[in-house]
Amino acid sequence: MGTVEKQNLILAFESSCDETSVAVIKDGHEILSNVIATQINSHKRFGGVVPEVASRHHIEQITICIEAALQEAHVTYADLDAVAVTYGPGLVGALLVGVNAAKTVAYAHQLPLIPVNHMAGHIYAARFVKPFEFPLMALLVSGGHTELVYMQADGQFEIIGETRDDAAGEAYDKIGRVLGVPYPAGKVIDEMAHAGHDTFKFPRAMIDEDNYDFSFSGLKSAFINTVHHADQIGATLDKNDLAASFQASVVDVLMSKTLRVLKQYPVKQLVLAGGVAANQGLRERLQQDLPAAFPDTELILAPLKLCGDNGAMIGAAGYVQYQHHQFGDATLNADPSLEFDWMPGMLK
C-alpha cells in the first residue's frame with residue numbers, strides 16, 4: 001500500500017482595507033472556508049473607506065471570523081499546519097488587527113507564521129482556477145494598484161509597468177462620486193457603461209508612450225471638467241454615456257499596454273486579478289482580444305467571488321511560501337507601503 005501524503009492546512013487572514021476575512025486553505029488550491037465580513041455599509045455614507053472606522057470593524061469581527069472559518073471547514077487548531085497573514089500594503093491600523101491576530105494564533109498553537117504581500121494574494125486568487133505555468137504575466141488592477149507583473153516562477157515578481165498616479169479602481173470611485181453613484185462605484189459604473197456609448201472620447205493617457213506604465217489622473221480630470229462644464233451651462237448629459245466613455249478609456253489603455261508587454265515578454269499565461277478584475281467590460285475585452293493576438297497565451301480570470309479582498313487568496317500565496325519555509329516571527333509588523341520585493345530570489 002502506498003503512503004498517503006499529508007494535507008497541508010493554512011489558516012489565512014486578510015484585513016488590509018475594509019474586509020475582514022479568515023479562510024482555511026488546503027494544499028494551496030482548495031478552499032475549505034472563506035469567511036468575509038464586509039464594511040461597505042459603514043463606509044458608504046462617507047463615500048470611501050475611513051481608516052479609523054475600518055480598524056474598529058476589524059477588531060469587532062476578527063475573532064468571529066476565525067471561529068466561523070474553522071467551523072465551516074470542520075477543522076480545529078490542532079489540524080492546522082501554518083498561519084498566513086497579509087502584512088501589507090494597506091491601511092496600517094487595519095493591517096495591524098490581522099497581523100496581531102495571526103501572531104497570537106501562531107504563538108498559542110506553535111504554528112509557523114507566513115507574512116504575505118496583499119498584491120501577491122490577488123494574483124494567487126487565480127490559482128484556484130488552475131495551476132500556474134511560467135513564465136506568466138499578471139494584470140493587477142485594484143483600488144490602490146494598477147500593475148503589470150512578470151513571474152518566472154512561484155514567488156518571483158517583477159513589476160514591468162505601474163500607475164504613475166491614480167490606480168484604475170481609485171478613478172472609478174472618484175468619478176462615481178461625481179455621478180452620484182454610492183461607494184464602491186465600480187460595479188454600478190460597469191453596468192451603466194454597458195447601457196451607454198463612448199460618445200465623449202475621453203483621453204487615453206500614455207497609450208502611445210514607449211513604456212508599460214499607466215496614468216488615470218488626466219482621465220479623471222477630463223471627466224470632472226466635462227460634467228462641471230455641462231452643469232454651468234445647464235446642459236444635461238447622459239450618465240450611461242459618461243460611464244461608457246470613462247470605461248472605454250480605462251479598458252483601452254489597459255488592453256493596449258497589456259498586449260504590447262506580451263510582445264516583449266512572451267508568456268504561457270496571462271492572469272487578470274484585483275478588485276477591478278471583476279469588471280465585465282475588461283473581462284470581455286481580454287477574452288475577445290487576447291486569443292486573436294496571442295493564441296498560445298492562456299487567459300486566467302480570477303473568480304468573481306475572489307476578485308475583492310479575501311483570506312483565501314492569502315492562503316494560496318502563503319502556501320507557496322510555506323513550501324519554501326519563508327516564515328516570519330514574533331517581530332512581524334504591518335508594512336502599509338510594502339512593495340513587490342518582499343521575497344527577492346526565493347526560487348533562484
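Cβ coordinates come from backbone N, Cα and C, glycine included.
Note that this is a predicted model, so its numbers are computed, not measured.
Less than 8 angstroms from the CB of D309 (Fe cation binding site) sit E14, S16, C17, D18, E19, S21, I36, H118, G275, each of them six or more residues away in the same chain. What Swiss-Prot records for H118, H122, D309 is Fe cation binding site, and it gives sequence analysis as the kind of evidence.
In the three-state DSSP scheme, N279 (substrate binding site) is classed as coil. According to Swiss-Prot, the feature substrate binding site maps to L140, V141, S142, G143, G144, D173, G186, D190, N279, an assignment based on sequence analysis.
Within the same chain, residues at least six positions away from G186 (substrate binding site) with a Cβ under 8 Å of its Cβ are G169, Y172, D173, G176, G275, V276, A278, N279. A coil conformation is recorded for D309 (Fe cation binding site) in the three-state DSSP classification, outside any helix or strand.
DSSP gives L140 (substrate binding site) a strand state. Around L140 (substrate binding site), taking its Cβ as the centre, 27 other Cβ atoms fall within 10 Å, counting all chains. The number of other Cβ atoms within 10 Å of the Cβ belonging to H122 (Fe cation binding site), over all protein chains shown, comes to 30.
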